Each structure stands twice: as structure tokens, then as C-alpha cells.
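Notes follow once the structure below has been shown.
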Amino acid sequence: MNQLRLEPIEKVNGTINIPGSKSISNRALLLATLAEGTTTLTNLLDSDDIRYMLASLKQLGVNYRLTNNNTVCEVDGIAGVLNADTAQTLFLGNAGTAMRPLCAALTLGQGEFTLTGEPRMEERPIGDLVDSLRQLGADVSYLKNDGFPPLTINATGLSGGDVEIAGDLSSQFLTALLMVAPLAKGDVNIKIKGELVSKPYIDITLALMAQFGVNVTNNNYVSFEIKTGQRYISPGKLLVEGDASSASYFLAAGAIKGGEVKVTGVGKLSIQGDVKFADVLAQMGADIEWGDDYIIARGSKLNAVDLDMNHIPDAAMTIATAALFATGTTHIRNIYNWRIKETDRLAAMATELRKVGAIVDEGHDYISVTPPVKPHTANIDTYNDHRMAMCFSMLAFADCGITINEPECTSKTFPDYFTQFNALAN
């Protein structure tokens with residue numbers, strides 16, 4: 001087993017240019033594929049999840065060219081839908097941002113497509129998306145367990161019409177449905193069942209669709225109307241913002257042990273909801289400064305917060321470990337969808353926080369963290385989850401340091417994370 005020892009860090013200072021957003025990268029790759037014209041994507045994330053998407057697109061006959069350390073991608077759009085003359089099997093690892101949108105996109109054309117992934121992917125639900133696609137005439141069948149990958153699509157196109165989709169589990173289901181709706185054979189009217197989680201991620205989807213020339217009527221996130229006959233048109237060039245979830249670790253570092261940490265690539269003009277993580281740090285007492293495309297965090301005495309963090313579920317994980325350096329008990333609420341991510345993040349977070357001495361109350365959809373008087377060192381299991389590894393790097397700011405097991409799991413979104421993290425201490 002690979003291990004990484006992080007020795008205690010007294011102070012952090014510096015500037016970090018955040019790699020491209022995973023959410024934006026994979027959405028943009030798919031939209032560029034379906035669009036008319038050639039799109040140049042810059043600051044594309046170079047990571048496992050993006051590689052699974054790129055490999056699948058290549059297998060499906062899409063032409064693209066990667067340059068500049070895989071961060072610039074020129075995609076030749078197909079001006080329509082994906083078809084296959086022979087049956088195709090696509091392996092998508094544990095990349096939800098590839099599995100969900102491709103599942104929807106492949107129903108639009110003609111052909112037989114089987115989508116598979118790693119064992120954890122077979123535990124991540126997709127049933128709500130498949131149910132909605134079936135309402136529009138899609139033929140999708142499960143190969144193992146109902147509601148979960150692997151699955152096979154016998155594609156003949158989507159009919160259009162009225163469709164209901166559950167909104168309370170993952171915003172990726174709605175994102176996938178929205179992106180394919182303009183290419184259905186008729187108008188699509190989407191009604192949300194239950195409360196929609198992670199609304200800011202839907203805003204990312206709608207903003208990108210608009211950049212590619214497609215309009216969606218958003219009725220206050222209760223329903224969405226998409227007119228048929230719209231086409232995706234390449235915007236020519238598209239800059240992928242830095243990943244706001246990845247920015248959270250460096251901003252937290254600045255708040256805990258700054259000095260001053262500046263992250264560039266995200267800021268006031270960001271389309272990502274996770275930039276609101278900086279507002280949570282400010283509520284905890286950190287000194288936060290905003291620019292159009294940067295955020296600065298400076299160290300200060302931190303206090304606990306009690307907040308609904310449904311709108312920033314990924315970045316909220318960083319608050320759970322930052323809470324170890326705050327006075328009082330921090331409550332993070334309305335985060336059930338942590339349980340269906342790369343691992344059951346609620347259970348994993350509770351287990352690992354207890355290892356360092358925290359008092360933790362783990363509920364169905366919340367976690368409460370009371371810091372120990374003095375955290376103690378531990379070997380932190382990462383559950384093949386990139387965010388677990390990055391969150392627990394915060395323990396380097398305790399006097400004891402920390403050991404991270406299997407640190408290479410950060411390759412999913414931020415392959416050189418620990419190099420960048422350690423650079424702040426030097």
C-alpha cells in the first residue's frame with residue numbers, strides 16, 4: 001500500500017492556479033461533440049474522469065486533438081447524434097460525470113451501447129435517469145442489478161414529451177436529461193419530483209448549453225421546457241474554469257494557517273456554485289477577498305458553523321476537516337448525497353475524523369464535528385476517493401501531522417495535488 005506522510009506545517013503562503021473543473025470539462029466535451037463546428041477547449045482538466053470521457057468519444061468515432069499537456073482539446077463536432085454500426089462497450093471507470101451524460105446522449109442516435117465501470121460504479125444509482133429516458137421512449141436494460149450500471153442501450157432516438165425525474169439524489173441525472181433534450185424528436189417538458197439537490201450544478205449545465213446556443217426555460221427549478229429543433233453550435237473557443245471544489249482545500253489552508261493563499265481560475269464571475277465555499281469560510285471567521293477570477297484566504301481564528309450545505313456538497317467535505325481547527329461544534333446538514341458519491345462519504349468522513357480524536361455525530365443526512373483539544377496523528381484511509389485524500393491533507397496543520405493511505409487516488413481530479421499543497425509550505 002502506498003502511503004504519504006505529511007509532516008506538520010506551520011505556515012502557508014502562495015498562489016495556486018487551479019486545474020480545470022471536472023464538471024465543466026466533461027459537460028463541455030460532450031456538448032462540443034454534439035455541436036456543429038470545431039470547439040477549442042482550454043484549461044481542460046487532465047485527470048482520470050476526463051480520460052474516460054475522451055476514450056469513449058474516440059471509440060465512438062469523434063475526432064479531437066489534445067495539446068499542451070492534455071489541457072487544450074480541439075473537438076470536431078458531429079452536428080447531431082452519436083451512432084454506431086456495431087455494438088460498442090464503453091468502460092467509464094468510476095466517472096459519474098461521464099456515465100450519466102453518455103447514458104442519456106447515446107439514446108439519441110442509432111446503435112447498441114453497453115456502459116460498464118469499476119465495482120464502485122455498480123453501486124452508484126442511475127435508475128432515476130434511466131426511468132426518465134424510458135418515459136421518452138428509450139430502450140435501456142440493466143445487466144446486473146436494477147437501477148445500477150452496467151447497462152445496455154438499444155438506441156432509436158428520443159421521442160420528446162412530458163417527463164418526470166427525481167431531483168433529490170443527484171443533479172447529474174437532470175444535467176444529463178437537459179443536455180440531450182434539445183435533440184429529441186419533440187419538445188421536452190421536465191418536471192422535478194421532490195426537492196432538487198445541488199442546484200448550482202444545474203446552473204453550470206444551463207450556462208454551458210447557452211454558450212452552445214441552446215435555450216432552456218427554467219421555471220424556478222420546478223420544471224424545465226426545452227424546444228425541439230434547436231442545434232448546438234460551437235462557440236469556437238471555451239475556457240474551462242478552475243475547479244472550485246479543488247480550490248476549497250487551498251482556501252481552507254489559507255484560513256487555517258495563513259499567511260495568504262490566492263487561488264486563480266475561479267472568482268466572482270465563476271459559474272460554479274462551489275465558490276460559495278469561500279463564504280462559509282468567511283462565516284467561520286476567515287478573511288476572504290474576491291476578484292473576478294481569483295479568491296484570497298487569510299488566516300484568522302475560526303469558529304464553528306451550523307449550515308445547510310446541500311448547494312455545495314463536494315466543497316462541504318472540506319468544512320468537515322477544517323472544523324478540527326474551529327472553536328465549537330460544526331454541523332453540516334442536508335448532505336445525504338454524500339452517500340452515493342465515490343464512496344459513502346458520510347460514513348467514511350465520520351470514521352476517519354474519529355481516528356484523529358474528533359467527536360462525530362453521523363446522521364442520515366448530516367454530520368457534526370467537535371474538534372479534540374489536540375488532534376492526534378493517524379493513518380487515514382481514502383476509500384479510492386480523491387476528495388477524502390485532499391480533505392485530510394488539512395491535518396498537516398495540526399502539530400502531529402498525518403499519513404494518507406493510497407494518496408494516488410487524487411488522480412481522479414487533481415493528479416499533482418500533494419505537490420501543489422506542499423509548495424504552499426515552502
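Here, residue 1 is simply the first one shown, and the rest follow in order.
Each Cβ is built from the backbone N, Cα and C atoms, and glycine gets one as well.
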- Query: Lys22, Gly96, Arg124, Gln172, Arg387, Lys412 bind phosphoenolpyruvate according to Swiss-Prot; which of Arg5, Arg65, Arg345, Arg354 goes with them?
  - Reply: Arg345
- Give the sequence-ordered list of residues that share a chain with Gly96 (phosphoenolpyruvate binding site), lie 6 or more positions from it, and have CB atoms under 8 Å from its CB. Met121, Arg124, Ser170, Gln172, Lys341
- Cβ atoms other than its own within 10 Å of the Cβ of Arg27 (3-phosphoshikimate binding site), all chains, total 25
- Query: Arg124, Arg387: which of these binding-site residues has the sparsest Cβ neighbourhood within 10 Å?
  - Reply: Arg124
- Query: How long is the line from the C-alpha of Ser198 (3-phosphoshikimate binding site) to the C-alpha of Arg345 (phosphoenolpyruvate binding site), rounded to the nearest angstrom?
  - Reply: 16
